[in-house]
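Straight from TrEMBL, the features:
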DOMAIN    31-291  domain 'DUS-like FMN-binding'
BINDING   33, 34, 35, 87, 186, 240, 241  FMN binding site
ACT_SITE  116  active site, proton donor
């Protein structure tokens with residue numbers, strides 16, 4: 001956890017906290033937690049293009065609590081990085097509450113990952129297996145609420161759905177009763193990958209909740225985000241791959257504008273983003289605006305200077 005972090009009390013004086021956003025009556029546009037990708041530099045970029053709320057990549061709470069090295073490598077923030085939610089993978093209420101206490105001065109809230117379908121996560125008792133353990137989820141929420149003194153600090157969950165939707169509604173109601181601030185619903189089961197998103201299921205969950213609900217899954221443009229909100233009645237939308245491909249999508253751009261690419265270069269260089277991450281983001285952003293031959297050349301570049309030369313030669317950046 002880098003020392004350029006600042007306390008959210010300063011952040012909250014400049015921006016509404018997430019709870020207030022959800023009650024504003026406007027669609028809340030959210031950058032999803034993405035391993036390797038939703039780090040400080042990318043969060044800084046999407047905030048320039050109408051993203052309201054950002055999540056960190058998923059962090060394993062046990063490692064975060066036990067290792068200073070893990071804290072320094074996994075969580076970096078700065079004064080402009082708000083509002084911010086830190087997402088944790090956890091299966092132990094005490095470790096999660098300890099992690100929440102560590103990040104509390106530097107973030108607006110934490111999120112419990114109850115939706116990751118990857119085998120390693122589920123084998124460790126993290127992610128989507130937690131949708132089948134509502135009592136454990138309740139215990140983790142209670143422990144964080146008891147340990148973090150700031151009443152404005154949010155505790156949310158991100159889930160997938162069950163084949164039997166009544167179980168999902170039951171999980172969400174129990175979480176709400178325990179003090180969860182909002183629920184993000186990825187509209188697929190843990191077994192589904194590329195199947196169509198069950199937006200009707202998200203709508204049913206929303207109809208059974210009093211707290212805010214965020215819809216997640218296969219949203220690739222602002223128009224789609226607005227349409228999903230209309231279908232589901234949710235308070236916000238969360239986007240992952242759509243933002244990787246077009247970090248300016250929440251501002252209404254159909255494809256990544258050159259100004260956004262330029263902004264990424266400036267931000268990434270200023271924050272010292274490692275080359276592989278810097279280059280990978282550009283590969284995603286330029287997917288729609290480059291030919292197959294141009295992709296072959298650009299994707300093979302191996303240094304920051306080569307990338308800058310390429311962008312200057314081809315786009316005048």
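Cβ coordinates come from backbone N, Cα and C, glycine included.
No curator has checked TrEMBL annotations; they are predicted automatically.
Residues 33, 34, 35, 87, 186, 240, 241 are recorded as binding FMN; their most distant pair of Cα atoms lies 17 Å apart. Taking a C-beta cut-off of under 8 angstroms and a sequence separation of 6 or more, residue 241 (FMN binding site) has the following same-chain neighbours: 220. Comparing the recorded positions 34, 35, 116, 240 on other C-beta atoms within 10 angstroms of each C-beta gives the minimum for 35.
A distance of 13 Å separates the Cα atom of residue 240 (FMN binding site) from that of residue 116 (active site, proton donor). If you measure from the Cα atom of the residue listed as 'active site, proton donor' to that of residue 33 (FMN binding site), you get 10 Å. When averaged over the domain 'DUS-like FMN-binding' (31-291), pLDDT in the model lands at 97.
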